[in-house]
Amino acid sequence: MDLSGAPVPVALLRGHTHPVTSLRFYNAFLVSGDESGWVFWWSLVTRRPLAIWKAHHEAILSLVWMDETHLLTQGRDDKLYVWRLELDAQGKSGLSVKPPSSLVADDPTDYPKPWLTYSLTVNSLNFCQVAWVNGLLAKPDLDSSDKVELLEWTDGAFRVVWNDIYPRLNGIKTGIVMDLNIMNKKLIVGYEGGAVAVFDISDRNRYTPVLNYYVVSHVQPVLSVRAHPTKKEFVSSSADSLIVKHPIKDQVVPEEEMEEPEPAKNSERPPSPKIVEVEDSPELEPPKNVVRGFDVPGLELEEGIEVKEEEKPESKPLDAVNVRHSGLSSLQLDSDGDLIMTAGWDGKVRLFTYDDISKVSVFHEREGVGCVAFSTPTTSDTANPRLAKALTTRWIAVGGKDGKIELYTIQQGNEKTLGEGRSKYIRH
């Protein structure tokens, strides 16, 4: 793909009447959620819906495949649901597959829902997505938006493991939790104040997880944190123009004296916040090349910030790159960890190499982009060639603010390349 031109999607999925806010692949399926609370379950074989239902009263924040038949959804309505999704012998779900029109999008009475197996009240004040891996769920604490709660899925229900997770460091204010990720018994947290933290969640006998890493690496709120699938590293992006690569270590950051937290409390749903619309301005100049808490060649330390390295041993990122575009959200890594993808506030999707965070591709949605997702290809011994292709293809999904979902494919080779030039990752 030439950077001077736009790639052509291999498929365009139409159906949502509101901006797409969440996407998640699983095997030959894709699920998508929108700003009005609707969920679409798509087949990548037919590229048509298998089921459509109104899952939440407000925007979908998270979609998580817990296993091949259970889908977790989180909404801005402070609810988390677990649905059972099944197909019959003919590949039918028994649910509606007719997309709602814009005139009836808020009247879901004609759309039966899948079997709801579990419901939980959560704190969605932050717009923070939940994180899930191998039966563990991380989410913002129900009572304090600057803390994290860790739960475990056991016998068809979530049980609290820890409910008061935050960096216990003297004199710091992290702001609210913005994004979460779990990888290899490590909990990664991004904060409103620009900090990121890593906690060790392997020892259940402790009354709080060990803090392994803490650094303020952004001058704006952190929007995304994602762990590398094989390396002990993670990357973060924020409302500023930096993509920062961090280490994941087993060190212990000294914390102030801690008292054992109180047991988890079952409180009422937090009050709904007042939502203020902010006009998007793609012409914004990128912020100053400023990173707090560490030294990076070519970047200046923000005035007035005193770095106390003795409080944060080895809390220094591996790399930081100013990509000159503010507002990098929905950051994703492909299954091999070779590529980084972001959805920009300027409506552009950007692909970077992981190793040196160099830009390899830029393309955009006409009406703006809300979220992006990579698939994880699997091997297949099926006799159905269409199903085999859907399972083994490396998909990219781009959710637009116009309600459309664009599907692209990455051609897999020795170097994941196609064609000539710097940008060879997207099939035309």
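Placement of Cβ uses the backbone N, Cα and C atoms for every residue, glycine included.
Annotation source Swiss-Prot lists region 'Disordered' at 250-295.
Counting only same-chain residues 6+ beyond the ends of the repeat 'WD 1' (15-52), those with a CB under 8 A from a CB of the stretch are 58-65, 68, 71, 73, 75, 77, 85, 87, 91-93, 95-102, 105-106, 108, 111, 114, 129, 368, 370-376, 378, 384, 386-387, 390-391, 393, 395, 397, 399-405, 407. What Swiss-Prot records for 15-52 is repeat 'WD 1'.
In the predicted structure, the repeat 'WD 2' (55-93) carries a mean pLDDT of 97. The repeat 'WD 2' annotation in Swiss-Prot covers 55-93.
Residue counts for the repeat 'WD 3' (122-163) under DSSP, split into helix (H, G, I), strand (E, B) and coil, are 0 helix, 22 strand, 20 coil. The feature repeat 'WD 3' is assigned by Swiss-Prot to 122-163.
Positions annotated as repeat 'WD 4' by Swiss-Prot: 171-209.
Residues or ranges marked as repeat 'WD 5' in Swiss-Prot: 217-259. If one looks beyond the repeat 'WD 5' (217-259) by at least 6 residues along the same chain, the residues whose Cβ comes under 8 Å of a Cβ in the stretch are 167-170, 175, 178-184, 186, 188-196, 198, 200, 208, 210-211, 286-288, 290-294, 302, 311-315, 317-333, 335-337, 340, 342, 345, 352, 354, 357.
For 323-362, the entry in Swiss-Prot reads repeat 'WD 6'.
If you look up Swiss-Prot, you'll see 364-418 marked as repeat 'WD 7'.
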- line: The DSSP breakdown of the repeat 'WD 1' (15-52) into helix, strand and coil residues is 0 helix, 23 strand, 15 coil
